[in-house]
């Protein structure tokens, strides 16, 4: 794995699916950027499956990103669109009588970019998850011109999912900085062989191979990244 270079811009963390560790990897990336001397913030623009609290709807992933950020950013900026139903965002929005648009997401992102050196934006679900008719999660990375790190959930079928997602990211004109192998299925057979196959076929370098939610294994996850002001 050769080092890659990041500037003082945002980064989009995408995944091959939902529930494959995007938040975990995003928090590790925030820690690495902070260690490099940057003031950082995480952002989950759209989240479904939020819980009702006295402070309003709150999403577990967004709260983790907020806690991993510098200077306690307002939750409304970290997660500007929060919905209760644990469904695909376009369906959750329809059930709530709303339509997701770029405007509130853009406004929140711009405020965070003004306050911080780098914003780590976590996607919702997979790369092409619809947010509204004609509007998908991938449009956020494209509109904000963010390079992408792809989290691959290592389980049966992951090779096809990873290659298709990588192809879609590049087809959308977004730089793919690298990918992370997240071992979400401890019973997966031929795990190492699958990682090696992806290493040969993916159009970007492997940045790390970690077990799901294993802080010990994730400490050096982004040790191969260089930072350029």
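Every residue, even glycine, has its Cβ placed from backbone N, Cα and C.
Remember, TrEMBL labels are computer predictions, not curated facts.
Annotation comment: TrEMBL describes 44 as active site. Residues or ranges marked as ATP binding site in TrEMBL: 19, 20, 21, 22, 23, 24, 61, 122, 123, 124, 125, 182, 183. Among the features that TrEMBL reports, Mg(2+) binding site is placed at 23, 61, 122. The substrate binding site feature in TrEMBL is assigned to 48.
Sequence features, as recorded in TrEMBL, placed on the structure.
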{"residue": "19", "record": "ATP binding site", "contacts (Cβ under 8 Å, 6+ apart)": "153, 184"}
{"residue": "23", "record": "ATP binding site", "contacts (Cβ under 8 Å, 6+ apart)": "44, 61, 64, 65, 122"}
{"residue": "48", "record": "substrate binding site", "contacts (Cβ under 8 Å, 6+ apart)": "59, 83, 84, 85, 86, 87, 88, 89, 92, 124"}
{"residue": "123", "record": "ATP binding site", "contacts (Cβ under 8 Å, 6+ apart)": "12, 13, 14, 15, 22, 129, 137, 138, 140, 141"}
{"residue": "125", "record": "ATP binding site", "contacts (Cβ under 8 Å, 6+ apart)": "15, 17, 18, 88, 89, 137"}
If you count, for each of the recorded positions 44, 183, the other Cβ atoms lying within 10 Å of its Cβ, which residue has the minimum?
183
Restricting to the record's ATP-binding residues (19, 20, 21, 22, 23, 24, 61, 122, 123, 124, 125, 182, 183), give me the longest CA-CA distance in Å as a whole number.
19
10 Å Cβ neighbour count around residue 61 (ATP binding site)?
21
Number of Cβ atoms other than its own within 10 Å, given for residue 21 (ATP binding site):
24
Would you identify the secondary structure of the residue listed as 'active site' according to DSSP, in three states?
coil
Cβ-based neighbourhood (8 Å from the centroid) of the Mg(2+) site, residues 23, 61, 122 excluded:
13, 22, 24, 26, 27, 42, 44, 62, 64, 65
Reduced to three states, what secondary structure does DSSP give residue 23 (ATP binding site)?
helix
Where residue 125 (ATP binding site) sits in the secondary structure, as DSSP reduces it to three classes:
coil
